[in-house]
Amino acid sequence: MHGGGPPSGDSACPLRTIKRVQFGVLSPDELKRMSVTEGGIKYPETTEGGRPKLGGLMDPRQGVIERTGRCQTCAGNMTECPGHFGHIELAKPVFHVGFLVKTMKVLRCVCFFCSKLLVDSNNPKIKDILAKSKGQPKKRLTHVYDLCKGKNICEGGEEMDNKFGVEQPEGDEDLTKEKGHGGCGRYQPRIRRSGLELYAEWKHVNEDSQEKKILLSPERVHEIFKRISDEECFVLGMEPRYARPEWMIVTVLPVPPLSVRPAVVMQGSARNQDDLTHKLADIVKINNQLRRNEQNGAAAHVIAEDVKLLQFHVATMVDNELPGLPRAMQKSGRPLKSLKQRLKGKEGRVRGNLMGKRVDFSARTVITPDPNLSIDQVGVPRSIAANMTFAEIVTPFNIDRLQELVRRGNSQYPGAKYIIRDNGDRIDLRFHPKPSDLHLQTGYKVERHMCDGDIVIFNRQPTLHKMSMMGHRVRILPWSTFRLNLSVTTPYNADFDGDEMNLHLPQSLETRAEIQELAMVPRMIVTPQSNRPVMGIVQDTLTAVRKFTKRDVFLERGEVMNLLMFLSTWDGKVPQPAILKPRPLWTGKQIFSLIIPGHINCIRTHSTHPDDEDSGPYKHISPGDTKVVVENGELIMGILCKKSLGTSAGSLVHISYLEMGHDITRLFYSNIQTVINNWLLIEGHTIGIGDSIADSKTYQDIQNTIKKAKQDVIEVIEKAHNNELEPTPGNTLRQTFENQVNRILNDARDKTGSSAQKSLSEYNNFKSMVVSGAKGSKINISQVIAVVGQQNVEGKRIPFGFKHRTLPHFIKDDYGPESRGFVENSYLAGLTPTEFFFHAMGGREGLIDTAVKTAETGYIQRRLIKSMESVMVKYDATVRNSINQVVQLRYGEDGLAGESVEFQNLATLKPSNKAFEKKFRFDYTNERALRRTLQEDLVKDVLSNAHIQNELEREFERMREDREVLRVIFPTGDSKVVLPCNLLRMIWNAQKIFHINPRLPSDLHPIKVVEGVKELSKKLVIVNGDDPLSRQAQENATLLFNIHLRSTLCSRRMAEEFRLSGEAFDWLLGEIESKFNQAIAHPGEMVGALAAQSLGEPATQMTLNTFHYAGVSAKNVTLGVPRLKELINISKKPKTPSLTVFLLGQSARDAERAKDILCRLEHTTLRKVTANTAIYYDPNPQSTVVAEDQEWVNVYYEMPDFDVARISPWLLRVELDRKHMTDRKLTMEQIAEKINAGFGDDLNCIFNDDNAEKLVLRIRIMNSDENKMQEEEEVVDKMDDDVFLRCIESNMLTDMTLQGIEQISKVYMHLPQTDNKKKIIITEDGEFKALQEWILETDGVSLMRVLSEKDVDPVRTTSNDIVEIFTVLGIEAVRKALERELYHVISFDGSYVNYRHLALLCDTMTCRGHLMAITRHGVNRQDTGPLMKCSFEETVDVLMEAAAHGESDPMKGVSENIMLGQLAPAGTGCFDLLLDAEKCKYGMEIPTNIPGLGAAGPTGMFFGSAPSPMGGISPAMTPWNQGATPAYGAWSPSVGSGMTPGAAGFSPSAASDASGFSPGYSPAWSPTPGSPGSPGPSSPYIPSPGGAMSPSYSPTSPAYEPRSPGGYTPQSPSYSPTSPSYSPTSPSYSPTSPNYSPTSPSYSPTSPSYSPTSPSYSPTSPSYSPTSPSYSPTSPSYSPTSPSYSPTSPSYSPTSPSYSPTSPSYSPTSPSYSPTSPSYSPTSPSYSPTSPSYSPTSPSYSPTSPNYSPTSPNYTPTSPSYSPTSPSYSPTSPNYTPTSPNYSPTSPSYSPTSPSYSPTSPSYSPSSPRYTPQSPTYTPSSPSYSPSSPSYSPASPKYTPTSPSYSPSSPEYTPTSPKYSPTSPKYSPTSPKYSPTSPTYSPTTPKYSPTSPTYSPTSPVYTPTSPKYSPTSPTYSPTSPKYSPTSPTYSPTSPKGSTYSPTSPGYSPTSPTYSLTSPAISPDDSDEEN
């Protein structure tokens, strides 16, 4: 309901939200109660004689059947009736197939005979389970089930005593017996399931020991379940109220309503019934048959068959995909769609209709580019615009426009389609005969056509990240495609080859406001995914910019003029031309400088920038113009290209966004495109065949290179044939060969490519596109010109397909380049047929890959999002999920948002100790250096003051500590970190803004720097709180930034490098603080979804299988998408598990020792070192069959240490491979030992010497002595020795580990190539140095054993098997490992994702203390609500579980709320807005009855004529551009950050600001006719929202009666205070008194002219004479809405220069001038009495009291009683607070400026009980009203909340002071002698006290008739917030004040600091504004 307006006819009240959803199983009774078909449905037919049949399947009581009919139950028609359930009484109960498994579990937990729980509920284990599984009933059942599984006897009462293994005293036992477990002690059957039937079988029961097996009928189960008690139900995880076990058996079957199973009417034929109806018919048929058979007493087997069939039908109705059961089919053979199939899957009910729906107000068509649109616009075809509508409410301001649209109707554009009257009637203008007759009234809605400037959401699928849906402004254009700016295609990932996009038109102003403030394209320029812009300059603009900014581009005057025409922000000044003679010429760079916004500073390089130049001698000159410098918004040097204008971090666009804001950046994009594209039109850019031709020398080169490459390949082939090729370690011969060939060919391609590149001229158009980065790469050029190169399939050369050859055209076994896919032609030359075929093979693979990848990554993304969708930043800044579990204590561990951080280098990390000291230590000994950098007085101070020197030493010490810390955090010395606030750039900005001359000494005191930085870092708070934990957390969160801050803003660098002045330094600190605060992550931000998208989107870009074929000896690991899948699935068996083993000490540097360790790790079996084996029959060892062994065998047999007699004649001879033995450092002895250890005495093993030429093992079986005996006696079936030996042989070769770790099959050893694996050490000089050390990488993992090996570095050694790390090292380690692995996967192909997203995923997976996979097995096993789980996967299973256990869903997550159509607690939905009812009193009615509100009416009338400063007010001074305007500060908790996105916008109470619009309301939605340019404050008439729109508020409408609920009821006490003289208890007040006519149009109990107490008294208008005829309040001529009284009518504009208080038109009693009258427009800032900008020239308070404003300190100093020296006002007196003269700070409700404060009204006597600080005027409970909040200051910008001196209860302030007593007769307001003109009332008499009733505090300072205060006096400047005569700097004669003379045309009351050019703005204000 929220979002749009109410549907027609419905109430406008919001519906109550659903707070939780309770699941359960329906009991049979409830089903019958709910059913509308009494007696159940008995007939399988639907109709009888053409009528629906009662009791049939289309029972008319169940819902509407015909379109025209009505429902018999609720009499609703088809749209109204929701349908009603019926029921079928089943003849016999059947199992519910959804609960079958649950049924079995419960059966196994309770006794088969007496239904008691098999485990006593007093068992401590059960108690433990109950305690542990609170709120997780499913867990409880699982645990109880595990306990009961082992029990096969139901424990009886007698075994009680010894049950817990504890002897219990007799008494206890009796007790337990009584409340008894008292089982029956019988044996329990095993429950088995087959199909849909359950069997119970007993094993050996005592009585008769044969087995017994019976079929368990559902009745029997029902009986067992029925007897389970409620307590035991609870133990079983059921919830007896919602789900008893016996309800899981179906006895009464509910029949779904007709609307769920509608019949399809085919033309001509009968109705086609829904699948469900068919199924129900089957059930009813078989049910009736079963009932008949039972009654007729049919045979048991017949009934059993029937039951079986019934069971089948009921089961297939629920689930038709049951394993092991036939499908229920229709006659055609199509399986029926069961209830389960309706819910599950993507197209099912949950995902297809609840989570995602089709929507109205959307459009889709093809997109085309249009560079002339702004990036946030979208061109919409007129045909679409005329069809899509937006409902606009009619107000007095838009009535004429809407009336005109209605007149045009639907036929012409722009027009309107419908009118919705305020009673909900729709008038369709398409069919209305004469739309022009229709008259609109305020409150109607008009559905008008979409028009220019509407806000829409534009989207392109797939929506991979939040930049795929952005807000655009509509621009109606002809023809039929959407047009969009080229730069926006990047985030949408769109191109114009036929892509279509979707457009959605939001239907409510709230939605609109949100899109405008949160989702507009310019706000999305920088992505939080990788903190860089996502939009850059592309295509022709980019090509052109590179050409345009070259050194030799000059433009003539005419050209310059033409280009400037396209520069929307041009200020009219043409810069000085670069060349004057012979004729003026401008350079391209100069024109580009005009486009660059603001004072941006930036240094980048051009794409062709040579790296060596930066250190070379010409680094400042940049010969190729390749160094880009933008300084102060001017392009000084350099050619711009993709690096500076593309989507890279730190590009010009990025800096513009961060420094200038999104709006200016938007213009930057538009201006570049319009200007540059139009230059390109003149310049031209083309490409042709000519660009692809190189010179003949190059072609010669290319031929030679290819020839040589072929020759090389042939050589390698020959080597391989001749077996001369040495395999590289870790590779087979074939792999080595392939690698070498590949390398040769790739080198050839690269070499030819680079020679082709070199041959191209500077003006080549291919080259210009590549260089600018617009299209293509170097490889593309070289493929066009030189060689296409090697084609690969699956990372290898084209494989053999046809009998050892690739194509039939080649000979067999041809390994040459041509036949294996090397294409030696270029695209220009054209490919030969075979080349073409190979090229196509390579290309095809890419296509398949892409297709497969899309599906894979789409699913990954969905899982990621589902697992993190509800993770958000809460208002305590923690990151939590929907069940309020903390996932992170601060988002990203630093609490900052991803879009606002940048890459920065930490200055102190890298430099050596010497360099560090030189750069950072403030050297106060070197006087000469000091004089160069600091001013003289500072030098003296520094040199002489020891305290200062200590401070500076301490500063350096601190930095040294920081450096130590950093070197622990970044041990590799890699210091690129993401931090907010780019300090170096901010300093540069400061130097430019304050015009710092880096050659002059600075006036910035070093101590000021040190202290400033200290103070600043105290202000940067991420974690509030003073407890040690919070302090530690705060330190951790801001550690890096603080280190960065201290090292950049250290005194030495400030003095030497930056030379900032004191002023500039202050600005810098302020800027850092505000930027830092803006970077903090917003509460309500859905960071979970953000992280999921940030990871899913790069995954989509990843290629599926990443091959790297140059793998020399690096082992290959899974990468890309497959690896990502492994990680988030937490697969137990990764494809390539691997350890990276780092070594310690010597072994790391010494290859031999490293090899030792390698051998210790690598698993070696005998087979790996065996050359060959043989079995011989060799009965006589002394003369062996193998002659060569004779010699050494004899040695053994001469002196045998074994029983020669037992030796078997069979011999196993193993010959070992010497090379492998030495490789693995094995000796024969070790092997023999292993064999002996394994087989012991059963084998005899002898071996020869390690140095023998053949290494031989001889193995024989030893026969035991007993064996010998047995053989003769009995022939046992024994294996023959030779067979046995053969078995031993295979066992030995494969299973016997010689050394190493079984899991580790192979170990590679190599020296690291990349720095990240080298060992980084810090030398004693403090420099980083990378050492090459040997690294082992393994196939297979065994972390535990490897870590315990000696010489292995246990700290750095890691595994890539996540599960293993978890088991070995625990959860924290696995979190880090997971983060590293994810980082590797993503960074492998060069992407970068901000750490915070990876961290959030890792934390989500590990925050429960175990690994949660991002699959249904992880996500759906969490404690989230069932609705969320069922929206992910396993829909029906989850819902069944939830029902069986009676779970409930607390509706806290995103999915749940979306399903139920509620606002999810996300973003703007995670807080509430409170309306401050008090503020509503100040709302103004919009007088709708003023004559002339017709066509041109409002213009002059509402707002005064345009010339008056108010009409022409400029948007620049509206309160929300004015951080310092306390008018807004007063009611908004975030003063000073008016520009902070989201602070003011979300300020909960901003809605009724001093101006009718709160900053949160976008000015766009109430066009103020008087001043089209002004967003609001100039309109005193916009009421507080909802005011004027409801008819009950219009004073002239009959409904406005004083007692109407919306009106102002005079009796309501809360209303009384607003009229000072209105005292409900005053005796003469009676509602019937003659001058109180409630129906008079002017009646307003709060209007001063209505004086209930005495006709002659109106305290606020002393000149009011009751006898003046025009003032009889009931007289018809006096109506506040009559034109002459319109408070804004031109003659009243108090600010109009001609206005003078004495002018005849000035009538102080006009209602608009009574400060206490609510109709006195307080909603415009110029009228708000509490706003400092309140213009005191308005005579809005009693002007006849000559010296009337006593509390204002600048009050006429000559008044005797208020002379500033009088003790009661002396600035030193304790109760005087100069900064808030009239505000009582300690009482939130006391504001003398509020008209309602009238101390004499009895209800306001401060001592009377009703006067409480909670007085409604300032409800302190409204969020922004914390009286102690410093920003709460209604009247004075300087207000101090703690000043005790103004508390009405403070002794000095007693209203009972003798002079003044509210009850004394002298002050009774009704006493006749009290008349403002009576002599006793002399304001100068001392008894006039500020609390006296006539004192109108709303004007702080001005008395119009007093000669001293004429408003034209030059010193009178009441609105400057600084103005306070007591402030020391202010001297009333100072000329500063003159700028603020209210009559000077620049003065406008709505802005305290308006005259922007005036020097009077003091730096304080400007600080606040930044």
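Quick reminder: no glycine exception, Cβ is built from N, Cα and C everywhere.
For the Zn(2+) 2 site, Swiss-Prot records Cys111, Cys114, Cys154, and the single candidate of Cys71, Cys74, Cys184 listed with them is Cys184. For the residues Thr47, Thr176, Thr1933, the entry in Swiss-Prot flags phosphothreonine at a single position: Thr1933. Record check, Swiss-Prot: RNA site residues include Arg67, Asp499, and the candidate from Arg33, Arg460, Arg473, Arg532 also listed there is Arg460. Checking Ser1647, Ser1710, Ser1892, Ser1927 against Swiss-Prot for the annotation phosphoserine singles out Ser1927. Of the listed residues (Thr1609, Thr1854), Swiss-Prot tags Thr1854 with phosphothreonine; the rest carry no such note in the record, though that does not show they lack it. Of the candidates Thr1667, Thr1723, Thr1779, Thr1863, Swiss-Prot records phosphothreonine for Thr1863; the remaining residues carry no such annotation there, which does not rule it out for them.
Swiss-Prot gives the label N6,N6-dimethyllysine to one of Lys138, Lys1866, namely Lys1866.
The Cβ of Ser27 (phosphoserine) lies under 8 Å from the Cβ of Arg244, Trp247, each of which sits 6+ residues away along the same chain. For the repeat '6' (1629-1635), the model's average pLDDT works out to 39.
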